[in-house]
Amino acid sequence: MKDEKKKSGTNNDKLKDLEKNRKDGKDEFLTTNQGVKINDNQNTLSAGERGPSLLEDFIFREKMTHFDHERIPERIVHPRGSGAHGYLEVYESMRDVTKAGFLQDPGKKTPVFARFSTVVGFRGSSDVVRDVRGFAVKFYTEEGNYDLVGNNMPVFFIQDAMKFPDLVHSIKPEQDNEMPQASAAHDTFWDFASLMPESMHTLLWVTSDRAIPRSLRMMEGFGVHTFRFINEEGKSTFVKFHWKPKLGVHGLLWDEAQKISGKNPDFHRQDLWEAIENGNYPEWELGVQLIPEEDEHKYEFDILDPTKLIPEELVPVQLIGKMVLNRNPDNFFAETEQVAFHPGHVVPGIDFSNDPLLQGRLFSYTDTQLIRLGGPNFHEIPINRPIAKSHNNQRGGHMRQEINVGKTNYHPNSLGGGCPFQAKMKEGGFVSHHEKIDANKIRTRSQSFLDFFSQATLFYNSQTEVEKKHIVDAFSFELGKVKMVEIRERMVGLLTQVDQDLAKQVAENLGVEYPREPEKPINKGIPADAGPEEFEPKHVEQTIKSSLPLSMLNNLVEFVASRTVAFLCADEVEDDSLNSMKKALEKEGATVKIVAPKTGMLKTSGGENVKIDDSFLTTTSVVFDAVYVPGGDQSISKLKNDGDAIHFLNEAYKHCKPIGAAENGALLESTYFYNRLPKDQFSKKGVILNGDKESLPKDFISAIKKHRFWNREKAENIPA
Ligand code: HDE
């Protein structure tokens, strides 16, 4: 079954290309790398039964040497990631604005490999930390590889690549003691942030629930920078790229995320893997915001500034295709670890803008692959090689795979008939956009980049009250972990520039003084010889005050497929209420897991044997989307005496998740919330009790579609 699923994705040119490198040891002899059959893989060669090992044991030496070299340096940023294969299918031709071949024909499918990542944590850290997520897609187009190396947030911390090493040093574990892991909540990061007011907009995104996604399948992606589309006539149109997930954008709660980190640090990786294995293929629509060149200076922000987004109310997102991920990698290291992305991998029809952050990235990515993958031939690694033909005069280097024939490795040549030829533009040769530049060499920041706060305010204003509260809590948590009071105070000072209420609440939670007069922002990022007024941050009047797509909760997508529901059961659970709910949920595509006090099998009241998926020892409410308690007096009375079962329900309630129970919720009577909640409020608050075999599943499914019930006032007071 699993193999069939995997094969369903093989119908694309890149997957066929990888086929020649796939190896399966099934029915084969064990051999050395030189192909010599191995007779004993358990014992080293030694002088006598109890004597020393012999140096001549080439089989042992080869095995151990390979093992000793199995690790490569992890990515300095984005080391922990999960990848998958799939395709992009285009809805409509983009010929008017770009000549990129893969965007010309409706229905055209281009193979892709996508990798999602956290930024800060090491390769072995948890998936569910508060962080930006990388969203990188390699398109294997017929004109060469195109990489869209984006994030799940549309803006970035800094405006200029020059500051990137400082940003990353500050956010990574501190240099003296290498703590904390996978977290920005420490002094060096907030010290840096408090001196870098341009970070403010991105910090609002990072303190929102966007930074703790429910699933990699439920997050947006953004190209961040403004790029260019170039058409056949050489006309340029500015473009911002978006990925819109079919399932909508959903987050975790912070308390939940921290607990999942302990219980299942592979939460996102496993969710992506299982969704693909089970045929719930994740999908995103590719969207573009197109800005005619004439409009470059039309907005109150600079489109080259990566700390700004273009509100969709000003430039709508046009959906031009969909990406479907339908096949898991065969080998994590060979594919997900060795894949090498680069924003400079573009094809004719796509070009760069002068965004100073993008310009710096264009240098960094090849440079980093040279150290990470060990030399200049990383483009030959199967996952990286294009399906387009590639020929040039580059030769040699570590681990060269190609055997280039003939005499010539230079251009121009006559001995090789002049091959390989340069391609004219009409033959598909890449020609950089002819942008006129006539300027002095200077190190400075453009005046048009100096509004650091208005879009942070726009983002905050666009959130629901629940989302605003989570932002306040996140700032309070992060800064609460900061030891230096001055840093906390400086951050509160900066928050006053965004929103007074936000600043006031955070100040209150931190126990620092709230400045009566909004503090003048500190700007340390300017050259020493510049006049201070020149670089004073500005507040620029915004065209719009709030933007609908920026809130997750105002754009809820309701669905059930691939959500996971825990069934709390013990022996003697009633067959009917277990099976009817299970059937109804599975029909909708949900995954049901039987959770019981012990693992193994349980016996239903009707004498059936049911496999238990997890016990209270091996799982917890936080990894589920909803909880259901089937009926059966014996089962319920056993669970009533089990503190873990009651905690499971209290915690699910605290995290605002739908809870369903047969037989009027007898088990729920033992929970903290049952008697505190007026009975007529139950269903409004996502606690579904009353109902028969038909109405109960129907109501429970409707509740699951809502995802969470934020109206559980003071739910966080639940002691769980
Ligand atoms: Fe990256 N970034 N980055 N970055 N980035 C890397 O390249 C860098 C930035 C992003 O799944 C590195 O191959 C600089 C923005 C993703 O393999 C490195 C600057 C955005 C990934 C690097 C930025 C990104 C990376 C580390 C500021 C969103 C993971 C390993 C000038 C638009 C790709 C590697 C994968 C990885 C440099 C800022 C996205 C060191 C210098 C902005 C998704 O080259």
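Heads up, the Cβ atoms here are built off N, Cα and C, so glycines get one too.
What TrEMBL records for this protein:
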- H78: active site (ACT_SITE)
- N151: active site (ACT_SITE)
- R75, R115, F164, R361, Y365, R372: heme binding site (BINDING)
- 1-29: compositional bias 'Basic and acidic residues' (COMPBIAS)
- 31-419: domain 'Catalase core' (DOMAIN)
- 1-33: region 'Disordered' (REGION)
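Structural mapping of features recorded in TrEMBL.
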residue : record            : DSSP (3 states)
R75     : heme binding site : coil
R115    : heme binding site : strand
N151    : active site       : strand
F164    : heme binding site : helix
R361    : heme binding site : helix
R372    : heme binding site : helix
Rounded distance in angstrom between the Cα atoms of R115 (heme binding site) and H78 (active site): 10
Inter-residue Cα distance where the pair is N151 (active site) and Y365 (heme binding site), in Å: 15
Taking residues R75, R115, F164, R361, Y365, R372, which bind heme in the record, the widest Cα spacing (Å, whole number): 21
Per-region confidence, the domain 'Catalase core' (31-419) (mean pLDDT, whole number): 98
Pairwise CA distance, N151 (active site) versus H78 (active site), rounded so that it is a whole Å: 10
Sequence-distant neighbours of R75 (heme binding site) in its chain (C-beta under 8 A, six or more apart): G81, S117, T368, R372
The one of H78, R115, R361, R372 whose CB sees the fewest other CB atoms within 10 Å, among these recorded positions: R372
Distance [Cα-Cα, Å, rounded] between F164 (heme binding site) and H78 (active site): 14
Alpha-carbon spacing, R361 (heme binding site) to H78 (active site), which is rounded to whole Å: 14
